[in-house]
Amino acid sequence: MHPTEHLKSLVATDWQAATRHPFTDQLAAGTLPKARMLAYLQQDYLFIEDFVRLLASAIAHAPSLPDAIPAAQFLGLISGPENTYFLRAIAALGGTTEPPVTPHPITAEFQALMRAAAKSGSYAQMIAVLSVAEWTYLDWASPHANRAADLPFWFGEWITLHSGPGFEGVVTYLRGQLDQVWPSLTPEDQAAAQSAFVTATRLERAFFDAALAGYPAA
Ligand SMILES: Cc1ncc(CN)c(N)n1
């Protein structure tokens, strides 16, 4: 079994909950209230800022140029079409990105995880968090890909950005990077990367739970 398959098996319950979630079911059915989608995108735009920095850190720590190039190309996608999607969708749903919203506690926890991974100096920890973020999104979005064109763009493009051969290639690359470095890690490094993978999966589930509930005040 590949290390990434083993890691996924450790978090099976959270993985299933994060990738077959009522929030994304409603999104894909076009029934998610617009206010819920807007609040989610505004929180997710905070997530994306730290995600971009984490991805940049992984590029800086990649073992070789061929290992770094796919991540650099993906960074271009996030900074280009995905960033533009956020700005268009948030505006169309009646919101703004400036000033940024206050991070919900789950968003803040995710930001802290990404900042810790980016600063860790461990390529495996960085890739572990990035893998969970993209692999869970590929898993939830793929079954809905053929319905994306019929939805309002703020729903449909969010599915399209996270499905299809190009995005499958991103996930294959990220998993391949973690599988590749795993055998050379010390037991302590493996434990830290595993912990990052487990925490990231728990937070993906909690992020959708909070979005579905409309971010009620604690
Ligand atoms: C919380 C979260 N996780 C993952 C993704 C996929 N890029 C995202 N946009 N937001």
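In case you wondered, yes, glycine gets a Cβ from its N, Cα and C as well.
Given the structure is predicted, the values throughout are model-derived calculations rather than measurements.
According to TrEMBL, the feature domain 'Thiaminase-2/PQQC' maps to 15-212.
Every protein chain considered, the tally of other Cβ atoms within 10 Å of the Cβ of Glu82 (substrate binding site) stands at 18. The substrate binding site feature in TrEMBL is assigned to Asp44, Glu82, Glu134.
Around Glu204 (active site, proton donor), taking its Cβ as the centre, 25 other Cβ atoms fall within 10 Å, counting all chains. The secondary structure of Glu204 (active site, proton donor), as reduced to three states from DSSP, is helical. Feature annotation from TrEMBL assigns active site, proton donor to Glu204.
For the binding-site residues Asp44, Glu134, the largest tally of other C-beta atoms within 10 A is found at Glu134. When the Cα positions of Asp44, Glu82, Glu134 are compared pair by pair, the longest gap among these substrate-binding residues is 13 Å. In this structure the alpha carbons, written CA, of Glu204 (active site, proton donor) and Glu134 (substrate binding site) are 10 Å apart. Take the mean position of the Cβ atoms of Asp44, Glu82, Glu134, the recorded substrate site; other residues of that chain with a Cβ within 8 Å of it are Phe47, Ile48, Phe51, Ile78, Ala133, Tyr137, Leu161, His162.
The secondary structure of Glu134 (substrate binding site), as reduced to three states from DSSP, is helical.
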